[in-house]
Structures are given as structure tokens and as C-alpha cells.
Amino acid sequence: MTDSIKLEIEQLRQTLRYHEYQYHVLDNPQIPDAEYDRLFHRLKTLEQQYPQWFSPDSPTQRVGAKPLSAFAQVQHEMPMLSLDNAFSDEELHAFVKRIQDRLVFSPKLLEFCCEPKLDGLAVSILYVDGKLTQAATRGDGSTGEDITLNIRTVRNIPLQLLMENPPTRLEVRGEVFMSQAGFEVLNEKALARGEKTFANPRNAAAGSLRQLDPRITSQRPLLLNAYSIGVAEGIDLPDTHFERLQWLKSIGIPVNNEIQLCEGTENVLNFYRAIMQKRSTLGYDIDGTVIKVNDIALQEELGFISKAPRWAIAYKFPAQEELTVLNAVEFQVGRTGAITPVAKLQPVFVAGVTVSNATLHNGDEIARLDVAIGDTVIIRRAGDVIPQIIGVLHEKRPANAEKIVFPTECPVCGSVIVRIEGEAVARCTGGLFCAAQRKEALKHFVSRKAMDIDGVGAKLIEQLVDREQIHTPADLFKLDLNTLARLERMGLKSAQNALDSLQKAKKTTLARFIFALGIREVGEATALNLANHFKTLEALKEATLEQLQEVQDVGEVVANRIFVFWREPHNVAVVEDLIAQGIHWETVEVKDVGDNPFKEKTVVLTGTLTQMGRTEAKALLQQLGAKVSGSVSAKTDLVVAGDSAGSKLTKANELGVKVIDENTFLAWSKPYL
């Protein structure tokens, strides 16, 4: 009996290690999470019942150790060196030339192993006879802190290597990090508990690893990607860096999936550019690429200089955060009258572009930052996000710094600015009397997702409003060739193109028309829901507050915005004028889609869809009765993932949300179209 129990314990450990490897390293889960949990629970129960067969490398031993009073110091047998940095193509070319000049026999085209530079915490993990024995931070490169108990809680780090005859000693070096999706979930949970949140995934990863209580670390979504081997005894390692990383992967150690061999400098630069473009879709933070000579013999020949190897370099991405000076603040007026403070900055190069303006959002943000004109500020620009001020160096504040005073009157029309209780935004009360609001409302009306009037752009609208030739959207359809041709940079041909676009735009859809009206908080999706629900403009106009709230995703606030819009005589007059100018659409027909896979489900779209646009897919889902959300959460039922899906897909996988591809989405929806 006891032998059979012992055998079952060993088999359970092997099975769980296998599935941990499949899940965490190969990203290829073989069994449902519930089945893994069942096996794990069975093993834990047996180990409690038969403590004589306890093993420190069992999958059950990742969590539960007592808190430490302090971290012990660990002396690294081989120094954990940092890398020199390159910040331009020229510096990378110089790095390659230095290598070629130093080598006795240098190949014409050197082969490099290239990988993303993860923004995490460097660690060293020692395996003795295949078992995880010690782990340490890099520290100063010579001495680090003992974080063994914490590293044992990281789910994708094996406690035992997956191989028959493991090395006597093997030191794995890598980066511990946190995915963007894991970081979001961690901060959401912290907010729900009223706790302090982390500023970014790197801080979260570093703070989690340096917890004195490993039980806290075990609750954090940490991951490891190995990038090199340190000490190795009792094993003949492969002769290239790339092959060593693939070998690590084969024995259960996770490595990055984007690693690539590149021959020659141009291919290295192509890799750098490709990864920089792919950066926003990876699902984790990186700040550059790491380029290493692939041949280990050449690495040894090149050796080290000071605290960095001669055979490797980090080619950093342009900084996403920089320091600059706030020179002034201007207050802009938006389509709905929102007053937005815009920071005028001393120009600074951030994330590949020169930034001279940044948003300050609203008055509350100005107060929160305690920012003044003349301050040295931290600017952040990431991807396509509008640059913003995220911090102030108050210790550098000059004696002549000026307090930012939020206006009480509109800077464009002089109307009173009010702030409704419960809203962060202050607004101009001038309505369409305000030229700024009029311009933005008209720009919205002609935009691609609204009336889609190609030949009428922002510059043309600004001229027409400034010359008081248009006041409402209906006035656009009353323009003639001579009026347009007399405008700057127009001419007869451009004027005729604009008139043709206006004529073509007269045939639209009810949903587009509703969206084009610019009712506050009525976006594309809500406009489509309103059109599908009421089917006619007249029915929408006459709807009560209660009837409006029966529409999908229309709550009390949005219903009130719509209701008030139709009670304003000026708005009704403009709409009637538009209809009189020939705006029309086909009758809305909503098919009975019955029960289908998407009905009453919360669905998230992510990545690039190749067979239809994102807006079209969103509309289709809503027609099928789905609620389309912009973010993944525990309440999400389904994620439709297109090409280059990023952090939303990662978060869906972490939360166990069902994911389908575009072809499956189309196949499921086709029978109901």
C-alpha cells in the first residue's frame, strides 16, 4: 500500500511538472485549469498524509514559507555584469566595428543573437543536481540578496529541471517581470482593497521579489525569461548562445519567444526596428533590444571591459519619459465645451518625436500635480497616447514660478465656465454661440465615422466658421461653388470635389446620423443601439427617459443627455433643416437573430481583423445581442483575437477567458446574418 502511495506521489509530481512546462514555457496547455487544480490538490493531500515522502522540489512547495526578517547576502561566483548601451544606429555600427577590429579572424558578417530587453529585475537561479537551491538579485554585480523563497513562488520557474541526468550545478540568469495584463489585475485588486497601487510593471515586479513574506510574492503574477547561463558544472553546453537558450527551454526554463539570429549589422537593425514597432503588442514592457555575439568561442576571445562584456550591447529605444520646462498653459475649448488645459513646453525629444505640447487634463490634475509655470516637469509619451505631464520636480521650482489660474470665462467667446458637481471637466456654457465649439461640432459631423464627408476637412471648416459662412451642419449643404472656390487653397476643382462629397454624404444610415449630431456621451456603439431599438428618428425624438433606458448600454446619465438634446428647439430646428437638405437613409431592419453564441455575452475585440473593420465587427456583434467592451476583465465572456493581438489577449489568458480567432468569429456569426 505504502509503495503504491509513494509511486502515486512521484507520478503526480512528474505530471504536474510536465503540465507546468507545457503551460508556462511552451504556452501550450494540455489540460484544463480545473484538472491541474485537481491533481495539485491530490498531491498536496497525499504529502500531508505521508510526510515521510516530503520533497522540497515538489510543485506544492512554491508557497507558504514564513516571512523573513531580512534578506541574506549572496556572493556571485561569476559577476553579474551590466551592458553598455547604444542609442543610435551609428553607435551600433561602432560596436560591431570594435568587435571586428579586436578579433584575430573576424568573419565578414558576424552572427548575433538578438532579443527584446525586458524591463524587469535581473536574477540568478542556481540548480544543484537539477533542483532549485538558491536565487539572488543582481545587486551590485558582485553581491546580491537571497530571494530563494520568493523565486520558488514564480509559477513558470521549475523547482526541478526536466531532464534525466541534470548538471551538478547550473546557474540560470534571467529577468523577472510582470506582464501588462497581470499588472492591471494586480492594481485592480489593490484598488478594491483600498491599498496603494504600483506605478508600473517594473516597480511591481521589483517590489514583489523583495517582499520579506513569500506568501505575498506568491500572489503576484511574476514571470521569468532566461537570457544566459552562468556557472555550469557536469554538463557540456552547446557552442552558441542561441542554442544554449533553446537547450534551457527544453529542460523547462522559459526563454523569450522573440529571440532571433541575425547575420550582419543590417539584419540586427531590422530586428531592432521590427521589435520597436511590435512593442505595443507584446503584452510586457521592454526598453530596447539586446545584441550578443552568438559564437561562445568568440565571446571568450572578446572578453570583458570594466563591468560590461565586449561581445554584447543594449540598443535602447528612444526614451518615453523626459524632463523639460513648462513655459505656459493654454486653455482649449472642445466640441462639448470642455475646457482642457494644454501645457506649452520647451521642446524635447521623447519616444522618437519632438514634443512641445502636452495635456494637463483638467483643474483637478493641475492641483494634484501641484504644477506651476516655470516648473521642470516629467513628460511621458507612449505609443499613440497624447503626451502628458506625469510628475513635477518641485525641488527645481524657480523663484519666479507662476501659479496656473483656471479661467472663469471662455477664452474664445467669453461665456461663463461652469463645472457640474460630480464631473472633473469644466465647460463653456456658450454652446454653438461659441466659435470653438461650433468648429469642433462641425468637424465631428463630417468625420469618417459620422457623415464621412471626404472633401470637407478641418482647415476648410475653420475658414468657413471664421468667415461666418456656416453656423450649423445644415449650412454645409447650402454652400455653392463660388463660395468654396474663393477660400484659401481651394480653387474650382477642390470646391467641386467638396460639393460632390457633400452630395454623396446625403445618403447615410440612421446610426451614422445620430452619431454625427454630437450628443454628449453618444458614441458609435450607442448610436447604433439607438437606431436598432427605435428604428426611426421620430421614435427616438419622442422617446421618454424610461424608454431610452431600455436601450442596451444607455443608463440614466446618457438617457438624460439624449432627452435634453431633443427638448432644445435649436437642435430640433437643425435636424429638420438637415432633413430638408436631403439627408436620408434606408429604413432600419433588425433581423431576429434568436439564440446565438454571442447573445447577452460581453465580448472584447483585440488585434487586427483582416476580413472586416473593427467598427463593422463591433456593429455585427451588437446586432447579435452582444455587449462589446473595450477592456478585458473577469466579467468578459469572450475575446475575438485578430493578428498582432497584445495585452488584452495576454490578460484574457491569465483570467481564463475564452478566446477565438477571426475565422471562428465569422463562422459562428454567419448563420444569423
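Glycine residues also receive a Cβ, built from the backbone N, Cα and C atoms like all the rest.
Annotation comment: Swiss-Prot describes Asp33, Ala34, Glu35, Tyr36, Asp37, Ser82, Leu83, Glu115, Arg138, Glu175, Lys292, Lys316 as NAD(+) binding site, evidence class sequence analysis. The C-beta environment of Arg138 (NAD(+) binding site), restricted to residues of the same chain at least 6 apart in sequence and closer than 8 Å, consists of Met80, Leu121, Ala122, Val123, Ser124, Gly144. Secondary structure from DSSP puts Arg138 (NAD(+) binding site) in coil.
Here Swiss-Prot flags Lys117 as active site, N6-AMP-lysine intermediate, drawing on sequence analysis. Here Lys117 (active site, N6-AMP-lysine intermediate) comes close to Ile286, Asp287, Gly288, Thr289, Val290, Ala314, Lys316: these same-chain residues lie at least six apart in sequence, with C-beta atoms under 8 angstroms from its C-beta.
The Zn(2+) binding site feature in Swiss-Prot is assigned to Cys410, Cys413, Cys428, Cys434; the stated evidence is sequence analysis. Neighbour count (other Cβ atoms within 10 Å of the Cβ, all protein chains): 20 for Cys434 (Zn(2+) binding site).
Feature annotation from Swiss-Prot assigns domain 'BRCT' to 593-673; the stated evidence is sequence analysis. Each residue in the domain 'BRCT' (593-673) has a pLDDT score, and their mean in this model is 83.
For the domain 'BRCT' (593-673), the DSSP counts in helix, strand and coil order read 30 helix, 18 strand, 33 coil. Shown in sequence order, Val333, Gly337, Pro411, Val412, Gly414, Ser415, Ile417, Thr429, Gly430, Phe433, Ala435, Ala436, Gln437 are the same-chain residues outside Cys410, Cys413, Cys428, Cys434 whose Cβ sits within 8 Å of the Cβ centre of the Zn(2+) site.
In sequence order, Val333, Gly337, Ile339, Val416, Ile417, Cys428, Thr429, Gly430, Cys434, Ala436 are the residues near Cys410 (Zn(2+) binding site), counting only same-chain partners six or more apart with C-beta under 8 A.
Between the alpha carbons (Cα) of Cys413 (Zn(2+) binding site) and Leu83 (NAD(+) binding site) lies a span of roughly 57 Å.
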